[in-house]
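Listed in Swiss-Prot for this protein:
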- 47, 49, 248: Zn(2+) binding site (BINDING)
């Protein structure tokens, strides 16, 4: 069991939640304010995507990331900044017998292009999504090939940024460990991502199986989406891991009650404390994760 817990808040994500929740952060100002709100509620880390301010759709615009990061860094919080580097892997294959006629949802770029904002802004942590995945129903695939992952891992290491390896299924963990064997990564973090169709399900058996297969001594966290978010907070802590909550993964605090990032962090910390633990401050989290000063 982990008694000193890193709490990550994923504040907006890239999902189709705008319009289903009254206050999904969309503009850089809103996203930065959400990260600051999470920090004030007790989060150790803020995990950030950006969205097109006009449409709310996910974006890779470096200028949007720059504004978010600058606003957080200029605030009175010292929350650890974790930027996604998973955008640019979206492939919507064509319908029926025309799979090569890619759909409008396709946004597919190379591994270094996915890291342009990381190269410029040098966050303390960035993500690396460790495998290809059938993402939801229909014809949408998230593409992250072994060659792309090796190139991304090398570049993240060169930049001195801590890699958070996003593990959506057991094969992703297998390949993440292979990259470690090849010396492509230095002391990465592992994030066990459960309940995203059609990766690994969010249940006790699955999280334990994946946690049991992590490299010895690895720093890891786990989360579930939707109604499994808080049960997986308890599960990850009991298994010795850290936790993640936030509007990226769950938009409800209780049935019929929209959540905020701050309220989700507070609920997670309540669970942690009731189990006899405590949330780490950003300064403590930096020491735990051996982060390089920025």
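Cβ atoms are placed via backbone N, Cα and C, with glycine included.
Following the DSSP three-state reduction, the secondary structure of residue 49 (Zn(2+) binding site) is coil. Counted over every protein chain shown, other Cβ atoms within 10 Å are most numerous around 47 among the binding-site residues 47, 49. Taking the Cβ of residue 248 (Zn(2+) binding site) as reference, residues of its chain lying under 8 Å away and at least six apart in sequence are, in sequence order, 10, 11, 12, 13, 14, 15, 47, 49.
Summary of the Zn(2+) site environment: with the site residues 47, 49, 248 set aside, the chain residues having Cβ atoms within 8 Å of the Cβ mean position are 10, 11, 12, 13, 14, 48, 84, 246. DSSP classifies residue 248 (Zn(2+) binding site) as coil under the three-state reduction.
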